[in-house]
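Noted in Swiss-Prot for the protein shown:
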type: ACT_SITE; residues: Asp374; note: active site, proton acceptor
type: BINDING; residues: Leu255, Gly256, Ser257, Gly258, Asn259, Ser260, Gly261, Ser262, Val263, Lys278; note: ATP binding site
type: COMPBIAS; residues: 1-18; note: compositional bias 'Basic and acidic residues'
type: COMPBIAS; residues: 24-33; note: compositional bias 'Low complexity'
type: COMPBIAS; residues: 57-69; note: compositional bias 'Polar residues'
type: COMPBIAS; residues: 92-121; note: compositional bias 'Low complexity'
type: COMPBIAS; residues: 127-136; note: compositional bias 'Polar residues'
type: COMPBIAS; residues: 144-162; note: compositional bias 'Polar residues'
type: COMPBIAS; residues: 185-203; note: compositional bias 'Basic residues'
type: COMPBIAS; residues: 206-220; note: compositional bias 'Low complexity'
type: DOMAIN; residues: 249-565; note: domain 'Protein kinase'
type: MOD_RES; residues: Ser402; note: phosphoserine
type: MOD_RES; residues: Thr408; note: phosphothreonine
Amino acid sequence: MTRTTRIDTQEATKHKDLPPVPSPLSLSSNPNPECLMESKSLGRKNFKKLSLDASPVKSTSGSLRSSDMMSIKEPTSLRQKRQRPPPILHLPTASSSATSTPTSNITGSSSASSIQFAQKSPGSGVIVSQTLSRPSSAGGIPSSGYSSLNVNQSNRNVDPDNVVSTDMILNQISNLDLTSMNHHRQHYQNSHHHLPTTNRKRQTVISSISPTKSSAASSPLEPQIQSLPASSQSPIATTSALKLNNKDLLTLKQLGSGNSGSVSKILHIPTQKTMAKKIIHIDSKSVIQTQIIRELRILHECHSPYIIEFYGACLNNNNTIVICMEYCNCGSLDKILPLCENKQFPTFVLKKLSFAILSGLTYLYTTHKIIHRDIKPNNVLMTHKGEFKLCDFGVSRELTNSLAMADTFVGTSMYMSPERIQGLDYGVKSDVWSTGLMLIELASGVPVWSEDDNNNDDDEDDEDDAYVRQGSIAAERNGQNSPSRSRKNKQKGNGYNSYNGPEGILDLLQRIVNEDAPTLTNKINPVTKLPYDKYLCQFIDLCLIKDDSVRKTPWQLLEDKEHFFKGVEEGVYDKEHKSWAKKIRKCKV
């Protein structure tokens with residue numbers, strides 16, 4: 001042992017920069033921990049000196065006890081942070097109040113309406129209940145039906161498939177059980193009648209169109225009308241999932257315009273939803289404006305796959321109405337007709353179209369007692385999927401006339417029924433007449449009242465018919481036209497022929513009332529040189545019965561499942577129809 005120590009000492013003297021290696025004898029003679037650390041660090045100056053002052057209690061002998069070493073643990077804050085449970089947000093489901101057990105705790109002992117938020121104290125693991133109170137009415141009426149929410153919000157621990165937005169939380173807070181609250185409030189006032197009470201009015205925001213659904217008890221023709229806000233612009237109607245404001249509407253392109261209105265394609269920026277916006281100039285009379293707003297409220301409650309969806313409307317201070325509705329990317333039928341092969345609608349498309357129009361008319365009348373009053377190609381739209389939808393229908397003459405102001409009176413009167421022109425009482429059967437006239441135009445490619453009664457086959461007649469089929473402006477005639485030929489002058493207009501001057505308008509109205517109803521029976525298609533479909537001709541003849549007492553209603557016509565509408569509901573023509581609609585969409589682009 002002595003020799004080994006001597007050899008180590010000699011080896012250490014060779015390196016003068018390092019202190020000698022301590023021997024076991026020196027360690028045993030100096031048991032001080034500081035000396036021990038100094039000896040093990042070899043006395044290096046850059047070695048960080050460890051302080052053992054903050055260590056656990058030393059023993060009397062100066063050495064550390066093993067029990068004290070086990071008591072050295074990490075800080076409490078880190079331990080609590082690691083042991084904190086993930087946040088939990090308890091929200092009642094939509095059906096929890098009626099059928100299922102509610103997930104929220106009902107608190108009825110508080111004197112004010114409150115919502116409890118559970119949080120952890122930063123210093124300990126105890127959960128502290130924090131309450132956000134609402135001011136209650138005087139008298140300390142207890143509240144009930146409020147939800148207890150645990151909102152230790154942390155996006156890391158929220159299930160992305162079950163994310164609850166802030167709007168939903170606000171809706172849960174605002175849509176409280178007012179009936180239960182009023183019952184408890186009344187019971188508390190009866191038992192504490194000596195306490196002073198203060199009547200508080202609940203403030204409600206009224207939009208220009210009510211978003212509520214119509215009930216069977218109240219008639220849609222007699223809605224509850226609220227007073228309009230006194231502002232330069234009435235607010236746009238809102239639905240449960242969509243809120244419209246003028247500042248959120250971005251115009252993409254103009255779809256059409258007229259003397260009294262325009263239609264444009266817009267984008268609703270918050271939802272990135274494409275819509276169609278129609279601006280219509282109306283009368284400045286407040287009575288008419290109020291009537292139009294009332295009707296727009298009713299239109300907002302119409303929900304059918306055959307009716308254009310109505311998003312909302314607002315009344316501007318410059319006597320214009322802005323209507324936001326569903327956008328159909330294929331446009332109206334008068335714009336689709338020139339894109340069709342031979343400028344005629346195929347028979348299977350006419351079957352789908354007739355079924356959609358009659359179904360839409362049936363829904364409007366049976367559910368809301370609404371008559372369209374303006375069935376024509378301009379007011380029937382089609383989507384890229386081949387869905388046909390009715391638009392621009394009203395409840396009264398004020399709205400119907402306002403919506404039709406962009407078109408000429410002749411264009412609308414061409415499709416009027418005889419009883420309506422004569423000023424007689426008319427109903428939904430008047431729309432059936434208009435449907436029959438429109439089917440003739442779409443099947444033949446020629447407006448209904450363009451042919452002369454005498455059926456003259458001279459070159460001038462053929463030339464006029466060719467101009468009508470091509471949708472171009474009629475050629476100018478040299479010299480004076482005879483009175484019998486004045487009604488043969490055509491204009492491109494909005495896809496139909498118009499009669500120039502008051503005499504032409506009166507001539508048109510007299511023809512509708514006095515002449516026989518138009519028909520395709522026993523006629524040859526000028527393009528295919530073949531007769532028209534037999535069932536199509538029979539269906540059109542049923543629609544164009546001049547005596548409205550004999551003419552069928554839309555739902556009566558839909559009952560014929562064995563002839564014209566055979567296979568329509570079963571989807572026999574769906575594949576062929578969708579392929580045709582896809583071609584039309586490509587032509588539009």
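Cβ atoms here come from the backbone N, Cα and C positions, even for glycine.
Small disclaimer: the values here were computed from a predicted structure and weren't measured.
Known features from Swiss-Prot, placed on the structure.
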| residue | record | DSSP class |
| --- | --- | --- |
| Leu255 | ATP binding site | strand |
| Gly261 | ATP binding site | strand |
| Asp374 | active site, proton acceptor | coil |
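Cβ neighbour count for Gly261 (ATP binding site): 21 (other Cβ atoms within 10 Å of its Cβ, all protein chains included). Between the CA atoms of Ser257 (ATP binding site) and Asp374 (active site, proton acceptor) there is a gap of 18 Å. All chains included, 12 other C-beta atoms sit within 10 angstroms of the C-beta of Ser257 (ATP binding site).
Val263 (ATP binding site) and the residue listed as 'active site, proton acceptor' have their C-alpha atoms 18 Å apart, to the nearest angstrom.
Sequence-distant neighbours of Leu255 (ATP binding site) (same chain, six or more apart, CB under 8 Å from its CB) are Val263, Ser264, Lys265, Ala276, Gly331, listed in sequence order. Its Cβ taken as reference, the residue listed as 'active site, proton acceptor' is surrounded by 23 other Cβ atoms within 10 Å in the chains shown. Across the fold, the C-alpha of Gly261 (ATP binding site) and the C-alpha of the residue listed as 'active site, proton acceptor' stand 17 Å from each other.
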